[in-house]
Amino acid sequence: MKRTHTFFYNACFALNCLLLFLILFESRIVLPTLLQVVGRMHPMMLHFPVVMVIVSLLWELFAASKNWDSKELVGDIFLLASAVTSVFTALAGLFLSREAGYDAGLLAGHKWGGLALSLLTLFLFTCRHWLRNQSHALKVFGFAGFFLLLFTAHQGANLTHGAGFLSEPLVAAATPEPVLLEDAQVFPHLVQPILETRCVQCHNEKKKKGDLLMTSYAALLQGGKSGALWDSLAADGGLLLKRIHLPLTEKKHMPPQGRPQLTEEEMAILVQWIRKGAPNEQQVITLQENDTLRQLAAAQFKTAESEEYHFDAADAEIIAKLNTNYCLVQPIAEGSAALSVSFFSPSQFKPSMLKGLLAIKEQMVSLNLNGIPVTDAELDVVGQMKALRKLNLGFTKVTGTGLSQLKDLKELRQLTLSGTSASGAVAALLPHLPKLKKVALWQTKMEPAQLARFATEFPKLYIEKGYSGDSVTIRLNPPVVDNKETVIRDAVDLNLRHVVKGAEIRYTLDGSDPDSLLSPVFTGNVKVDRSMVVKAKAFKPGWISSAVVEKHFFRAGIKPDSIRLLTPPDPQYKAVGGAALADAKKGDLNFRSGLWLGYKDKPMMAIIFLSKPQKVSAISLSTLVDVNSYIMPAYKVTAWGGKKAGALKLLTSFKPKQPGQGSGGTLAGIDLPFEPQEMAILKLVVEPVPVLPGWHPGKGQRGWFFVDEVFIN
C-alpha cells in the first residue's frame, strides 16, 4: 500500500508542476488532437474531485475524534484520491479552455480556482500528519478547500450555462408584462424569446460558441465564425435555417443534440421571419391578416378584445335596455365584462343612442360606428368612453374638426377614419393617443404627401392607406390537384381546377414542366392508371403564369407478403421497420414524422417476398428530398428478382438525377421499369449519396436517403 501511495503521490506532484508550468505559458501551447479529446473529457471528470474533496474533508473533520484503527489509512486514501482526481481534472480543463468561445473573465476565475484546488489537495495530503495534530489548522484548511471548491464549481457552471446559473432559482424571475397583438413587434416579442430559450445559453457575452453572439438584433447582424446568420434572398434562407433543419444526429444541427429543441411552431416563426428580410421593430399588425407569420403570432398574443380586464361587469338590465334592433351590445367573449358595441341602419340612428352608452362607458372597449351618420358634434360623447381599445368611425360624417375631443382615449389601439373628410386634424390628435398602433386613413381627403409625412413622424404607427393595383400584373395561383389519394390500386380520374375563372390549365405526365405551347390543355378526361408524376401550370392573358404544381401518384398493384430489411435504418428514423414500406401510409415533408426510413452510412438493402410467383414489370419508391436537411435522392438504385432466393437476377439499375443548388423540399418518386417476368422474391439496394456536392454547406459529407413506401406492379 505504501508503494502505491508513493507512486500516486509522486505522479500527482509531477502533474501539478506540469499544470503550473502550462498555465504560466499557456499562450504558447499547441495541443495535439489526442489532448483535445482529453480536454473534452473535463465535464465528465470534474465530478470525481468534487465528490472526493467533500468526502475527504468530512472524514478528516468528523472522524478525528473517533478511535478507529483504520481511520488514518482511509483518510490517506481519500486525500490522495482528491489530489489525483483534482490535478487530472484541472489539466483536462486547461486543454478544453484552449477552444474558442469562453468568456475570458469567467475562464480565468475557473482556471486559477482549479489550479488552487489542485495544489491545496496536494498540500493536504503532504501535510496530513501535521494537520491531524493541529485541529484548528485542519478546520481552517478544510473549510478553505470547501469554499474554494464551491467558487471553482460556480465559475464552471457560469461558463457552461451562463452567468448566475447556480443562483438563478433563488432569484425571483421578473414576470414580463403581457404584450397585446396590437403592440407586438416581430423581433423583440416574437423571435427574440425563441433565441433566448434555445440559443443564448451557448451564444452569450460570457460563452460565445462559434464567435456568435445572439443576445440582441445588432449582435445577430454581426454573424459568427461561419459568416452571416441569414440571407433572405437565398432559397435556403442562409446559415441559421440550414442548421436548425439538419437531422438531429448531424454534428452541426442546432440546437445541439441533448439541448432543448425548437418546436415546429418556433421553426416556422424563424423561417417566416427570415423570408421577410428579418425585420427588427416591425409591428405584427402591419402584416397582412392571411400572412403566415401574423397567424403564428396571433396564436401567441392576445388582442385588445382578449385582453384581461379588471373592472366590474355592467348591470345586465342596462345592457338589455341598450340592445335594440339597431344597436348590438355584447361581451367580447363569453364570461368577459368587456363589451363591444355595433350600430346598424344609418336611417334609424339618433345621437341620443350614443349618450345612452355612457352608462356602460367603463366596460365598453370596442365601438363600431361604420357607415353611421355621426358628426363632429357627437365626438364629445365618444371622447368620454375612456376604456375604448377600438373605434371605427369609417364612412361617417366626421370632418376632423372634432377629433381633438378624442384625446382622452389613452387606451385606444385602433382608429378607423376611412371614408371621412378627416385631414390635417389627425396629426394633432395622434400624439395624445400613446397606445395607438393602427389608424386607417384610406379614401380620406389626405394627399399622398401627407400620408408619407405621417409615416415619417410616427414610424411605429401602422397607417392603412389602401391599395391601388390598376397597373399591377398579378401572378396566377397554381392549379389545385383535388385528388387526395396518391396511392391508387385502380385507374382514377385526374381532377385539376383553378380558382380564377377563365384560367387555362396545361399539364404533363412525364415529369417535364408544362408550357403554353406544347403541353395539352386539361379538359377533364385524363386517367391516372400507373405510377406517374403529374405537373400542371395555369395560364391566362393579362396574368403572369402560375408556378408549377406537382403530384406523384403511385400504383399499388401487387401487395408484398412481407419485407425484410437486411440493413437497419438509422435509429432516429426507423419508423416500424420493413413493414413501413408496405403499409400505404405516406409521409410528408416532415422527416421526423415517424413514417420515414432514413439511411446515411450504409445502403438500404431489402428483400421483398411475394405471396406467390407473379409477373412483375416495375418497382416504384416513394422518397423525400430536402437538400437543406442533407436529404438527397438516391445515388444508385439496383433491383434483383427471381423465383428463389438463391437464383436472383439483375433486373435494372438506375441513378436518379441529383438536385441543384437552391432546391427545396419535395416528395419524389423513383420508378424502375424492366422487362415483365415472373418472380416471387425481389431485392432492392439503394445507395445514399456518398459525397455531398461542393456547393452544399455539408460538402464532403454523406447524404441521407429517406423512403416511406415501395410499390410493386
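Positions of Cβ are set from backbone N, Cα and C atoms, glycine also.
Keep in mind that what you see is a predicted model, and the values were worked out from it rather than measured.
If you look up TrEMBL, you'll see 7-25 (among others) marked as transmembrane segment. Here the transmembrane segment (7-25) has Cβ contacts under 8 Å with residues 80, 83-84, 87-88, 90-91, 94, 111-112, 115, 118-119, 122, 125-126 of the same chain, all six or more residues outside its ends.
If you look up TrEMBL, you'll see 45-65 (among others) marked as transmembrane segment. Using a Cβ-Cβ cut-off under 8 Å and counting only residues 6 or more beyond its ends in the same chain, the transmembrane segment (45-65) has close neighbours at 71, 74-75, 78-79, 81-82, 85-86, 88-89, 92-93, 117, 121, 124, 128, 131-132, 135, 138-139, 142, 145-146, 149, 153, 156.
Residues or ranges marked as transmembrane segment in TrEMBL: 77-97 (among others). Taking Cβ pairs closer than 8 Å, the transmembrane segment (77-97) reaches residues 5, 8-9, 11-12, 15-16, 18-19, 22-23, 26, 31, 35-36, 38-42, 45-46, 48-49, 52-53, 55-56, 59-60, 107, 110-111, 114-115, 117-118, 121-122, 124-125, 128, 156 in its own chain, all 6 or more past its ends.
If you look up TrEMBL, you'll see 112-131 (among others) marked as transmembrane segment.
Summarising the annotation, TrEMBL assigns transmembrane segment to 138-157 (among others).
Under the heading domain 'Cytochrome c', TrEMBL lists 178-278.
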Message = DSSP-wise, what's the residue breakdown of the domain 'Cytochrome c' (178-278) into helix, strand and coil?
response = 41 helix, 7 strand, 53 coil
Inquiry  = Cβ under 8 Å, sequence separation of at least 6 from the ends of the transmembrane segment (138-157): give me the contacting residues as numbers and ranges.
reply    = 46, 50, 53-54, 57, 60-61, 64, 93, 106, 109-110, 113-114, 116-117, 120-121, 123-124, 131-132, 165-166
Query = Over the domain 'Cytochrome c' (178-278), what is the model's average pLDDT?
reply = 83
